[in-house]
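Chemist: Take this structure, written in structure tokens, and hold onto it; I'll ask about it next.
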């Protein structure tokens, strides 16, 4: 019948579903960008047979999974045999199709294969910009068993407070909730339940109190016994015995299982307890995540932070990190630098935690060298966190998608807008985090162009956040609303995104390239026009004499998950005739020389640059260049290099006296462009100047040292005997 084009033929054989086809990678062992292909069709996951499989098929599938392309494919169930249906067979794609269902095949469910022939793909580890993560290495649990578990509070007081830390364990069953018989229930079971609900520790519960109350309740026992080891990340991964369908639902001699959990410091209501339990952990942290409890894993060794390589990285090791930081067990163990790449040393590889350890440092691991691993293999985690209901107290309305809109909050019993005076990226970041929508791409101060058919009145003003809060209500704000621009069109808004850029300066290159140059004034007319000299230069006897310049190279890397693009559109870029290119940002970096108490001793200056990809890591291609009014920005995995010998790549130190100082460079200082992490935007060096020569040492990114080492650094600027080993 198929005498029409291949495309129409494909429609005849398979036919697109009404809803978007779901695709996932599965199997074990694998990295996040490879695996057995599974398709969700007619309510059921199934595989693809490897007959006639090709790289063109793999390309279509990898793009559907959010990767830019495929590097290979596998046959004969390399990632293990799948289960259930074999959905497609003899698939033949051209390579340009938007979805595998548009390729020629034998049709849904029509195959002569066994699961020994399940096909797999290996995708290029580069994400399509803006594509939302969906593919995860998940817990190996039988999906037919248990998905939802909750604690039902019994005490009236406990019902009102968030998070709920104590109550009857209930599992979702049919259209309601069922209980678990507590005969043989152990503290290990409690540990697993607490972990999956976002709590790091369990505590004893007063069973007698509950017994009296629960005897009067009607209970349905869906599960008769649970035998967890305590290291599982989900109750469904524990050995479970289910009630027989026809048996009585009694739990003779027992009662419904009740547990009590101890929340981490971030989620505690009792501030006295908070102080007592102040996390003693200061040798593990998470970086670069958009939500609370997620990020790249970094560990502290010899006063310097470094990353963990992803070989053998799994949910057990990830859970140890999560619990150590005051969260529950791990929801996902992410590999391949999925939450951005680190910059410093890589300290651990092949971490093999059992799951009971108090710290990742107690787990067996291999010390590694840079040859074994690179930062594109940095391990990350997403932890279970307690349900706080924070997303119910805020909403965004009027936008063109669910990721943007005017911000509205719950004050008393009415919704209302927020004053946009002083509304910046920091406040917008908190809103996007609270709604679970990732990072803020833009803080909007005029929202007149969005749908305003049902705009509410203004109920909040003077909002000021540090940027790390979990909800807008935790930020400072006026007690009574006071807004100069109270009109609806000036209500605050946000545009959120799952991914963001992350810029960081190569600190060691600054240290290697620093020198002093006495530059004649007749060579500095252009620089003076661009405000790259100290004010005293205006009083100089031009063109005679010179300025003393502290010069160095700046190499700025984008280690995030989205390209760094200037906030301003090209129509508002400024042409700099002297240097012959457009500047897309007024202030991209601050260059300063400070004394021990933080006062500027050289005026430094605010450099504006043309942003482009000078070079990229292997496998990444350049996208931005300044020449010919080209697009400006820095691609993920690329860097922009401002060499020491270009104009304005300096600090004018003509008026500086000999002494010990701190050199400081800050990228994107006004938070004009969204980044996943602003704590690594500053770079500092100890600086010793004797009037003729200059020495830099201890150059480091603002968050690279331990707190103690950072204090020592600030205390003794320029002292060569104060090296941090």
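Cβ from N, Cα, C; glycine included.
Heads up, TrEMBL stuff is auto-annotated, nobody curated it.
Dumping what TrEMBL says about this protein:
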- 1-20: signal peptide (SIGNAL)
- 23-124: domain 'SRCR' (DOMAIN)
- 49-113: disulfide bond (DISULFID)
- 62-123: disulfide bond (DISULFID)
- 93-103: disulfide bond (DISULFID)
- 149-262: domain 'SRCR' (DOMAIN)
- 228-238: disulfide bond (DISULFID)
- 284-384: domain 'SRCR' (DOMAIN)
- 309-373: disulfide bond (DISULFID)
- 322-383: disulfide bond (DISULFID)
- 353-363: disulfide bond (DISULFID)
- 394-497: domain 'SRCR' (DOMAIN)
- 465-475: disulfide bond (DISULFID)
Chemist: Of 113, 238, 309, 353, which is closest to residue 103 (disulfide bond) if I measure between C-alpha atoms? They're all disulfide-bonded residues.
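Modeler: Closest by Cα: 113.
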Chemist: Would you mind ranking the disulfide-bonded residues 103, 123, 363 by how many other Cβ atoms sit within 10 Å of each Cβ and giving me the lowest?
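Modeler: Looking at the disulfide-bonded residues 103, 123, 363, the Cβ with the fewest others within 10 Å is that of 363.
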Chemist: Would you mind reading off the Cα separation of residue 465 (disulfide bond) from residue 309 (disulfide bond), to the nearest angstrom?
Modeler: 34
Chemist: Pop the Cα-Cα gap between residue 383 (disulfide bond) and residue 228 (disulfide bond) into the table, whole Å please.
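Modeler: Checking the Cα atoms of residue 228 (disulfide bond) and residue 383 (disulfide bond) gives a distance of 20 Å.
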Chemist: Of all the disulfide-bonded residues given, 49, 228, 238, 309, 322, which residue's CB has the most CB neighbours within 10 A?
Modeler: 322
Chemist: Inside 10 Å of the Cβ of residue 475 (disulfide bond), count up the other Cβ atoms and send me the figure.
Modeler: 18
Chemist: May I ask for the distance between residue 238 (disulfide bond) and residue 353 (disulfide bond), taken between their Cα atoms and rounded to an integer number of Å?
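Modeler: Answer for this pair: 18 Å between alpha carbons.
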Chemist: Using the alpha carbons only, what distance in Å do you get between residue 373 (disulfide bond) and residue 123 (disulfide bond) once rounded?
Modeler: 19
Chemist: Pop the mean pLDDT for the domain 'SRCR' (394-497) in here, whole number is fine.
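Modeler: Mean pLDDT, the domain 'SRCR' (394-497): 88.
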Chemist: In angstrom units, rounded to an integer, how far apart are the Cα atoms of residue 123 (disulfide bond) and residue 93 (disulfide bond)?
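Modeler: Computed Cα spacing between residue 123 (disulfide bond) and residue 93 (disulfide bond) is 16 Å.
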Chemist: CB neighbours of residue 465 (disulfide bond) within 10 A?
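Modeler: So the Cβ neighbour count for residue 465 (disulfide bond) comes to 21.
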Chemist: Round to a whole number and give the Cα-to-Cα distance in Å for the pair residue 383 (disulfide bond) and residue 309 (disulfide bond).
Modeler: 18
Chemist: Would you mind splitting the domain 'SRCR' (149-262) into helix, strand and coil residue counts from DSSP?
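Modeler: Looking at the domain 'SRCR' (149-262) with DSSP, the answer is 27 helix, 36 strand, 51 coil.
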Chemist: Taking only the Cα atoms, work out how far residue 49 (disulfide bond) lies from residue 93 (disulfide bond), in Å, as a whole number.
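Modeler: Cα of residue 49 (disulfide bond) to Cα of residue 93 (disulfide bond) measures 14 Å after rounding.
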Chemist: Would you kindly give the Cα-Cα distance separating residue 113 (disulfide bond) and residue 62 (disulfide bond), rounded to the nearest Å?
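Modeler: Cα-Cα distance, residue 62 (disulfide bond) to residue 113 (disulfide bond): 23 Å.
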Chemist: Please compare the disulfide-bonded residues 62, 93, 113, 373, 383 by how many other CB atoms fall within 10 Å of each one's CB, and tell me which has the fewest.
Modeler: 113
